[in-house]
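Listed in TrEMBL for this protein:
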{"type": "DOMAIN", "residues": "A:77-267", "note": "domain 'ABC transmembrane type-1'"}
{"type": "TRANSMEM", "residues": "A:7-28", "note": "transmembrane segment"}
{"type": "TRANSMEM", "residues": "A:81-100", "note": "transmembrane segment"}
{"type": "TRANSMEM", "residues": "A:112-132", "note": "transmembrane segment"}
{"type": "TRANSMEM", "residues": "A:144-167", "note": "transmembrane segment"}
{"type": "TRANSMEM", "residues": "A:188-210", "note": "transmembrane segment"}
{"type": "TRANSMEM", "residues": "A:244-267", "note": "transmembrane segment"}
Amino acid sequence: MRWVKGIVKGVLVALVLFFFLFPVYWLVTTAFKKSEEWFTWPPTFWPSSWTLGNFMGVEGGFFGSATTAIATITPYLRNSIVVALFVALLSTVISALAAYAVSRFKIGGMRFVSWIISIRMLPPIASALPLYVIFSRLRLINTWWALILAHLVITTPFSTWILITFFNEIPRELDEAAFVDGAGVGQSFFSVILPLAAPGLAAVATLSFIQSWGEFLLSLVLTTGKEAQTLPLYLGRFITGWRIAWGPLAAAGIVTMLPVVVFSLLAQRYLVRGLTFGAVKG
Amino acid sequence: MQRVGFLMILPLLGVLLGLTMYPFGYMVYMSFFRYSLASWEKPQFIGFSNYRDILRDRTAISSIDFTVLLLAVAVPLEILLGMAIAFLLRDTFGERVFRSALLIPMMVPAVVAGIAWKMLYNFEFGPVNYFLSLLGIPKISWLGTQFFSRLGVILIDVWQWTPFVFLVLYAGLQSLPRDIVEASFVDGASGFSAFRYIEFPLLRPLLFVVLIIRVIDALKIFDIVYMVTFGGPGSSTHSYSFYIYKVGVSFGWDIGYASALSVLLLLAVSLLVNLLIRMLRLRETLEL
């Protein structure tokens, strides 16, 4: 009986993993397939010859499609990196300050915290349109700043939330000891609390980076060209063409996905806590 | 102290007030105007006319219809599957690796997932139809009919968000007091009755939180629709957010009408968020 149960369990686990990982597997292998093998019947599950052509570009392009390779990706990659780095930095600073005030001085209390949650849950489409109108008056459309500001709306509530729980775990006696020794709030915050909170700050910066990196809707509405558009938009534009070059598209997908996957595995511990507003410690 | 504290929350307050509260106020205001960026006319006050138009707008109704369908089918599926997987993987050899692996669908940017699924759903050569053909099922036009394109979007949502439910419930399961369950086994309880009478009731509050978060997020689905079906065929997979985008940006720049649609969405989400906040027991989790 025991081994029957074991086998059933093993089969189920394999099915679960297959369902959840196959789409990613398919994307990754397609990125290394030659154009003949993008679409075949039966599908090519293991490329017969691997190529880097989809990444580096192939002369002459692929059967008349407008796009050749992801060589054109560089401006978008640059925009993504700049925007996500700025968002990560600003978001961490802004939310660390606010989270400390909430954790230690109970500023705003329940109402402030509830307000932060509601902003975190609000639909981005609802802020996208008014932001478009406002940003176009400020001449910010299609700039890095438009994206950085818009992404901060998404990342700061999330980060503040995680950091409040993080600061709460640092014993208050440490602040008090610093105060007794004559340190001001600023000094105790910077030289006592922040070093202790370093792992939390790193996690929050990472998660902000991820969120900004993958954000699509706000970026779609607030940018118009390659001066500011980020990787997800590059992919989005790719797919609406009449003939889709799947190999390069999958290759660009890998470039877009890779940092996110790596970073999220690193920050895994804090992810669940942040996503459920501390309902579970994770 | 209070003064320093206030200074410290000021940047966050500035960002959130300036970039959400002010735009929302502006949006509510605009929802009472006829205002299109495509024409040069000045905004014109028309009262509740935009809201009345929603009731007569068949595409709007159909987008609400699809969004509700998504809530009614995808979310319960995600909850059930997520819970089942949490119990399946508990105490399994290698559960840490599995847990990290299952993180991937949820973390991969939705746009990238959309590309992968668009390939999988390909009518002639897609792996999904290939796997079905192994079972003797003829090729399905996944993106070509209303029924299957809606089903297709639902399936992607399940793929993307079941891992979220799983991760949360798994963490919740691990935080349950082990000794109670073990004591029940000593008293002769079966695995199922331990679940039914001990673990499930203990998990219930968490389950509600996950449910509400999923419902709110499902109301906002956009990226997947944009990438995989672009709302089609016809308007059959227009999610509500996608329809607002279409009205407000891609076809028409009708800011007034799109604002009215957004206000409704905002109202629905606010109600749900209120419910969520009550479930969270903030005072305890945040020691406020």
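First residue shown is number 1, and so on along the chain.
Cβ atoms here come from the backbone N, Cα and C positions, even for glycine.
With a threshold of 8 Å between CB atoms, the same-chain residues lying at least 6 positions outside the transmembrane segment (A:112-132) that come near it are 102, 141, 146, 150, 153-154, 157-158, 160-161, 164, 217-218, 220-222, 277. By the Cβ criterion (distance under 8 Å, sequence gap of 6 or more), the transmembrane segment (A:81-100) is counted as touching the transmembrane segment (A:144-167), at least 3 such pairs being found.
In this chain, the transmembrane segment (A:7-28) does not touch the transmembrane segment (A:144-167); fewer than three CB pairs sit within less than 8 A of each other, excluding pairs fewer than 6 residues apart.
Listed as Cβ neighbours of the transmembrane segment (A:7-28) (distance under 8 Å, sequence separation of 6 or more from its ends, same chain) are residues 250, 253-254, 257.
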